[in-house]
Amino acid sequence: MMAECDPTDGEPGNGSGDSTPETNFLSSEVPAVLFEKTRSAPSLGLSLNPGAAVRISDSTESVLTELEADGSGEEALLLPGPAGSLSPRAGKEKRTRRNMLSSSSDNLASPGNSSGEFNHFPEDPEFGEIIQRAEQAIENGVFPERISQGSSGSYFVKDPKGKIIGVFKPKSEEPYGHLNPKWTKYFHKVCCPCCFGRGCLIPNQGYLSEAAASLVDQKLGLWIVPKTKVVHLASETFHYNAIDRAKSRGKKYALEKVPKVGRRFHRVGLPPKVGSFQLFVEGYHEADFWLRKFEAEPLPENMRKQLQSQFERLVVLDYVIRNTDRGNDNWLIKYEKPGDGELTEKESEWTDPKDSAIKIAAIDNGLAFPFKHPDEWRAYPFHWAWLPQAKVAFSQETRDLVLSRISDMNFVQDLCEDLYEMFRTDKGFDKTMFEKQMSVMRGQILNLTQALKDGKSPIQLVQMPRVVVERSRSGGQGRVVQLGNAFTQTFHCKRPFFTSW
């Protein structure tokens, strides 16, 4: 067991409380720089896929009969205004009867078109094309397949040819979601309610955490998280309650038997679910698999350096977002070398080609962005901290890549604003709680900045005193942040009951 670093070793205070009194962020004890669809049928008597969603509108005088919600209780805003799209960074347009009718007049949508109304990514057409293929597959009866592993409802999403192209994790089927199809967390809640959930995380924000981790990864230039965004999908293989399925069957029956009534429905089919969609990566294995092999058969020096560089990027990502669920089974390694299958002698020996590559994929980022440091039962440690790679000091390559960004406070402020635009789309968004999440992240960035400057190793990084960097009430709110009075720091000294370092 590694003992947690005591901030009292180098800071004033006795550490008996939860935190020391706030001090000005520019005190002498703090580093000088804080952060340096077309019509699908000729008539209304079309045959519908069981899991498809269809919106019907007779004319501009059609009556919108209802606005349904998906399993998570969130409104399914399926009729955007005349602008045509709803981006994560855009404010939600006021939905009046006039603009809802004008946007849907004389359109007979194909199955699944209602979820497609949300899934517009003009800034990333390649990702949008992948989502379109996923929607087409569902329309054609190639439904997502539930993943057996894990404690939540997550699904392999396929293209029309049946090839896996992504992993979809609906909000309503998260580990503590009310429509989670797996019983593990239900028994946890019933049998051990005192330990239910993670007290440092906001419930049911896993899908946002997944997408936000991808955003942080891109902003820092790490490129180890498969691209992840928030999308809306509907499929009969998702877990819906009995009422939603009964309503879907009733509406489809009414549409087929009584078209005049059926065409007045806002949507026919199951409601789309909001969740995170992460691109599927091929050729990767769990880290445990390769780490054991690398231990038995050491890598050549150039490959070892590549692995160390990729590992350090994983450390940077996990530390900044304070991932509370990083084991060696939810990050992946891909080792590429020529001649696989062609070696006839000494196949167990590693080759040393120039075009070989080791890559890491950081998946399962849904339990990150806590609003406080873990201080109750468990510490939720980073399991990579016990690997031999964690004992090696951060390389110059990593310092050159990351330090110039996180040392710039305006870069950090821009990152917080981008995360705000993403998180505010959630129905249960709380600005106060979000600011607490950002305070933890700023503290993590502060520690990482100092560790990179001091040439520390990942294991030394996780042993640094935990810091929360909060915006001062008197601090400015503009984009250009002044260091003098913008933030204050607090050392978080309360330890979890079970500590890991």
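Note that Cβ sites are derived from N, Cα and C of the backbone, with glycine treated the same way.
Remember, predicted model here, so these are calculated numbers, not experimental data.
The following features are taken from Swiss-Prot:
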| type | residues | note |
| --- | --- | --- |
| REGION | 1-30 | region 'Disordered' |
| COMPBIAS | 17-27 | compositional bias 'Polar residues' |
| REGION | 65-122 | region 'Disordered' |
| COMPBIAS | 76-88 | compositional bias 'Low complexity' |
| COMPBIAS | 99-117 | compositional bias 'Polar residues' |
| DOMAIN | 141-471 | domain 'PI3K/PI4K catalytic' |
| REGION | 147-153 | region 'G-loop' |
| BINDING | SER154, LYS169, GLN278, LEU279, PHE280, VAL281, ARG292, LYS293, ASP364 | ATP binding site |
| REGION | 182-195 | region 'Important for interaction with membranes' |
| REGION | 285-293 | region 'Important for interaction with membranes' |
| REGION | 322-330 | region 'Catalytic loop' |
| REGION | 362-382 | region 'Activation loop' |
| REGION | 377-386 | region 'Important for interaction with membranes' |
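DSSP gives ARG292 (ATP binding site) a helix state.
As a whole number, the greatest separation of Cα atoms within the ATP-binding residue list SER154, LYS169, GLN278, LEU279, PHE280, VAL281, ARG292, LYS293, ASP364 is 31 Å. Broken down by DSSP into helix, strand and coil, the region 'Activation loop' (362-382) contains 0 helix, 2 strand, 19 coil.
Taking Cβ-Cβ distances under 8 Å and a sequence gap of 6 or more within the same chain, the neighbours of ASP364 (ATP binding site) are ASP325, ASN330, TRP331.
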